[in-house]
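Colleague: From Swiss-Prot, for reference:
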type	residues	note
BINDING	37, 60	heme binding site
DOMAIN	2-77	domain 'Cytochrome b5 heme-binding'
MOTIF	260-264	motif 'Histidine box-1'
MOTIF	297-301	motif 'Histidine box-2'
MOTIF	481-485	motif 'Histidine box-3'
TRANSMEM	228-248	transmembrane segment
TRANSMEM	273-293	transmembrane segment
TRANSMEM	353-372	transmembrane segment
TRANSMEM	393-413	transmembrane segment
TRANSMEM	422-442	transmembrane segment
């Protein structure tokens with residue numbers, strides 16, 4: 001039997017740079033495996049020092065989970081309380097660096113920090129930085145050792161959370177307070193109970209056979225998409241360029257859903273087969289990198305709607321869904337600052353007007369990100385996913401050949417027609433960007449600390465869209481983002497069947513299940529963007545007023561000094 005590792009031992013190992021993750025009662029050291037992880041290293045870094053049982057079970061099949069256990073270095077025989085991972089600002093000390101030799105609670109090492117401190121980012125020397133740490137010190141909204149509760153007044157006064165005097169920060173504090181009011185207590189025992197009920201739910205869904213994929217439904221999807229491509233190419237031959245471009249855009253929109261399913265290994269549940277399907281439809285036919293999407297999306301699923309860590313809501317300078325983004329946050333995903341610069345200060349206050357127009361150009365940005373991922377080798381370079389990079393490089397090149405050369409260059413008679421065909425076909429895909437952002441943009445962006453359970457975070461940060469079953473194909477499974485975030489490997493055509501079980505679970509644990517109609521959901525998103533825009537406008541106006549007052553004060557001060565000097569000179573004369 002493996003030895004029991006104390007909390008202090010585990011903290012010491014993390015301080016030494018080891019990738020320590022808790023799975024059930026096992027302590028895993030993933031140092032040797034992380035470089036082979038198909039989902040990249042960032043997703044694992046966010047689990048260091050935490051009980052990742054629910055996350056690991058949700059994203060991996062039983063065969064993969066069995067492989068994890070070869071990295072077991074010990075076990076725990078006591079209730080585990082999550083530590084704050086280094087990538088999120090957790091601070092750890094080695095045993096020989098501590099003054100005391102008794103039991104050590106790693107969660108109580110942070111000092112309270114005010115918002116002014118948190119904005120003073122300090123670069124960490126490379127030699128002093130753990131592999132999982134960001135280049136700069138990250139100061140979490142909720143410090144280590146703090147379990148958020150409804151009694152925030154004392155926290156505000158002590159600046160445990162943030163200085164409430166600052167307008168935008170006060171707005172964010174109010175959102176945190178709302179979440180603490182509307183969701184179950186973050187007490188460790190309560191969150192563990194919610195997690196245990198979630199595991200029972202997972203068992204029910206598995207027993208109901210909902211992980212079995214219905215391939216007849218996928219045949220219908222391929223026939224529908226193939227028909228759209230066929231109509232597009234037929235109309236192209238007739239020189240009906242505009243309608244051809246619209247059909248092509250709609251086909252791309254539907255194709256994204258197949259790639260999404262394959263990326264989650266929810267079609268055949270075979271890693272290589274699903275990835276080949278996903279890469280083929282995404283890159284060869286759509287010109288997008290599945291590898292880029294997976295690297296991004298895996299992190300999004302683990303730290304959903306966190307302004308500092310989730311790349312899916314980091315859209316500055318165009319959009320801000322949280323006032324925290326007004327303060328030049330350091331993105332731990334992109335490893336760079338997200339500057340709230342002059343351009344962002346012009347755009348964000350009117351973002352609710354620009355939302356749909358900007359989404360019309362979303363696909364062009366995906367091209368850029370896809371090529372960067374492949375050319376810079378940002379995906380796995382070792383293990384069973386290493387060859388994906390070269391497959392996608394060939395695929396993206398082929399897409400540019402068939403679309404931009406064979407269709408745009410060879411089939412279009414003039415540059416004006418070429419431009420119109422490209423723009424119409426790409427704007428037609430705008431609806432998928434609406435569907436993607438609809439699920440999360442209006443939902444909570446609060447950081448509620450490390451005690452929050454996996455199911456509660458997913459329910460708090462995700463929204464479903466209500467639609468009749470016959471229209472499910474249009475949304476491609478994205479209308480069930482709540483259920484999908486709880487069970488990412490569940491085949492999309494079974495999500496609706498799981499809905500009643502999820503609603504029953506939500507009723508039992510007291511967590512709101514958010515669902516709106518498509519139009520109502522869009523209204524909620526626009527309303528939220530408008531609220532954030534108003535906060536940006538207010539903050540910028542305050543800054544402008546303060547600057548003017550400071551200038552006026554300086555002017556009057558200089559004026560009085562000058563007058564005094566003149567009077568003094570006259571006296572001397």
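Here the Cβ of each residue, glycine as well, is placed from N, Cα and C on the backbone.
Help me understand the surroundings of these features in the structure.
Modeller: According to DSSP, residue 37 (heme binding site) sits in a coil region rather than a helix or strand.
Taken together, the residues of the motif 'Histidine box-1' (260-264) have an average pLDDT of 94.
Outside the motif 'Histidine box-2' (297-301) by six or more residues, the chain places 39-40, 42-43, 46, 59, 263, 309-312, 333, 485, 488 with a CB less than 8 A from a CB of the stretch.
Beyond the motif 'Histidine box-3' (481-485), the same-chain residues lying 6 or more positions past its ends with a Cβ under 8 Å from any Cβ of the stretch are 301, 304, 439-440, 458-459, 461-465, 492, 495, 498-499, 502, 513-515.
Tertiary neighbourhood of the transmembrane segment (273-293): same-chain residues 252, 255-256, 258-263, 265-267, 366-367, 369-374, 378-380, 385, 388-389, 391-392, 395-396, 398-400, 403, selected by CB-CB distance under 8 Å and a gap of 6+ residues from either end.
Sequence-distant contacts of the transmembrane segment (353-372) (same chain, at least 6 residues past either end, Cβ-Cβ under 8 Å): 252, 283, 287-289, 292, 296, 318-319, 347, 378, 392, 396, 426-427, 429-430, 433-434, 437, 525-526, 529.
Proximity of distant same-chain residues to the transmembrane segment (393-413), defined by a Cβ-Cβ separation under 8 Å and at least 6 residues beyond the stretch ends, is recorded for 236, 241, 279-280, 282-287, 289, 370-371, 374-375, 421-422.
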Colleague: For a quick check of packing: other C-beta atoms within 10 Å of the C-beta of residue 37 (heme binding site), how many?
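Modeller: Other Cβ atoms found within 10 Å: 18.
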Colleague: Kindly assign residue 60 (heme binding site) to one of the three DSSP-derived states: helix, strand or coil.
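Modeller: DSSP assigns residue 60 (heme binding site) to coil.
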